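Asker: What follows is a single structure, and I will ask about it in a moment.
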Amino acid sequence: MAVKISTIEVLILSLALLSFGHGCYGQLRLGFYSQNCQNVENIVSKVVGEAFIKDSSIAPAMIRLYFHDCFSNGCDASLLLDGSNSEKKASPNLSVRGYEVIDDIKSAVEKECDRVVSCADIIALATRDLVTLASGGKTRYEIPTGRLDGKISSALLVDLPSPKMTVAETAAKFDQRKLSLNDMVLLLGGHTIGVTHCSFIMDRLYNFQNTQKPDPSMDPKLVEELSAKCPKSSSTDGIISLDQNATSSNTMDVSFYKEIKVSRGVLHIDQKLAIDDLTSKMVTDIANGNDFLVRFGQAMVNLGSVRVISKPKDGEIRRSCRSTCNNPLCV
């Protein structure tokens with residue numbers, strides 16, 4: 001007896017097989033694009049490598065972009081969207097950079113795999129490769145993919161921890177994203193290649209908590225060094241390395257933790273990590289250990305899982321990372 005299969009049943013079966021073969025967007029896994037865009041990671045690595053050769057500071061810039069995107073509304077590339085009131089326009093994001101590198105990667109990927117790879121995954125892969133390059137090739141963590149791009153980007157929704165917060169306040173924000181205290185301490189280790197502007201530390205140098213004096217938790221010698229770089233009367237907002245070990249401030253390593261342990265943290269939150277009861281032992285363990293890079297990689301993977309869009313109706317695969325698919329560019 002012949003079995004009749006309806007058109008709808010065939011369609012459902014086809015979709016099920018497609019999902020089995022390629023994975024379902026929103027369900028992160030390693031090798032998500034292994035069948036429908038096999039060369040994507042090589043393409044990303046090539047473009048990122050060229051960008052790093054031109055300007056190695058793209059590494060900390062991309063780590064920051066990744067963090068700012070994931071932490072506010074989840075890893076959905078909403079930070080990349082242009083608009084008069086998009087996330088880019090929020091005060092903490094005005095100095096974020098790296099967008100052009102993402103554009104270059106997306107353009108190269110689209111030539112090989114049209115509307116397959118999300119911008120959110122491109123950010124995650126590019127950041128991973130730049131961490132590898134900044135470490136001198138000493139680490140390379142595997143990052144699951146399968147993210148969808150978000151459709152909403154609003155400056156009003158940006159919610160990032162301030163460098164002036166206490167450890168407890170910062171930890172609470174991480175906890176809201178299901179990121180642990182351990183994740184927080186490790187992710188702040190990205191500051192080992194980071195920089196900040198003088199404006200963020202002027203209070204620590206000249207008027208800590210309205211005392212008209214420097215922050216007593218900062219090494220006096222460092223106060224002197226930074227005051228010379230960030231004078232009160234300056235008309236420019238200078239740039240300061242967050243890792244004050246001059247020999248390794250451009251290298252992903254454990255030096256940042258060693259510096260904050262001897263009161264040479266630049267940002268308020270960085271220094272507090274080393275002296276707060278919640279985190280001081282973690283800082284000591286990392287500073288004295290040899291597995292920071294491995295642990296940092298795992299924390300970056302955990303960050304990359306924050307509020308990933310799991311329903312296709314809520315996300316999309318953009319053709320341009322700067323605009324949603326409501327835009328003609330997506331046609």
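Each Cβ is built from the backbone N, Cα and C atoms, and glycine gets one as well.
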Asker: From the candidates Cys37, Cys70, Cys75, select the one that Swiss-Prot records as forming a disulfide bond with Cys113.
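Answerer: According to Swiss-Prot, the disulfide partner of Cys113 among Cys37, Cys70, Cys75 is Cys37.
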Asker: Which residue, chosen from Asn93, Asn245, is annotated N-linked glycosylation site in Swiss-Prot?
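Answerer: Asn245, according to Swiss-Prot.
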Asker: Could you look at Thr170, Thr192, Thr196, Thr324 and say which one Swiss-Prot places alongside Ser248, Asp253 in the Ca(2+) 2 site?
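Answerer: Of Thr170, Thr192, Thr196, Thr324, Thr192 joins Ser248, Asp253 in the Ca(2+) 2 site that Swiss-Prot records.
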Asker: With reference to Swiss-Prot, which of the candidate residues Cys24, Cys75 participates in the disulphide bond with Cys70?
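Answerer: Within the candidate set Cys24, Cys75, Swiss-Prot assigns the bond with Cys70 to Cys75.
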Asker: Name the residue from Cys321, Cys325, Cys330 that Swiss-Prot records as disulfide-bonded to Cys119.
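Answerer: Of the listed candidates, Swiss-Prot names Cys321 as the partner.
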Asker: Looking at the disulfide bonds in Swiss-Prot, identify which of Cys198, Cys325 pairs up with Cys230.
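Answerer: When Swiss-Prot is consulted, Cys230 turns out to be bridged to Cys198.
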Asker: Excluding near sequence neighbours, so keeping only residues 6 or more apart in the same chain, what lies with its CB under 8 A of Cys113 (disulfide bond)?
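Answerer: Result: Tyr33, Asn36, Cys37, Val40.
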Asker: Could you tally the C-beta atoms, other than its own, that fall within 10 angstroms of the C-beta of Asp253 (Ca(2+) 2 binding site)?
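Answerer: I get 22 for this one.
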Asker: In whole Å, how far is Cys198 (disulfide bond) from Ser248 (Ca(2+) 2 binding site) when you measure between their Cα atoms?
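Answerer: About 20 Å separates the two Cα atoms.
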Asker: Please give me the recorded positions out of His68, Thr192, Cys230, Asp253 that lie within 10 Å of Cys75 (disulfide bond), comparing Cα atoms only.
Answerer: His68
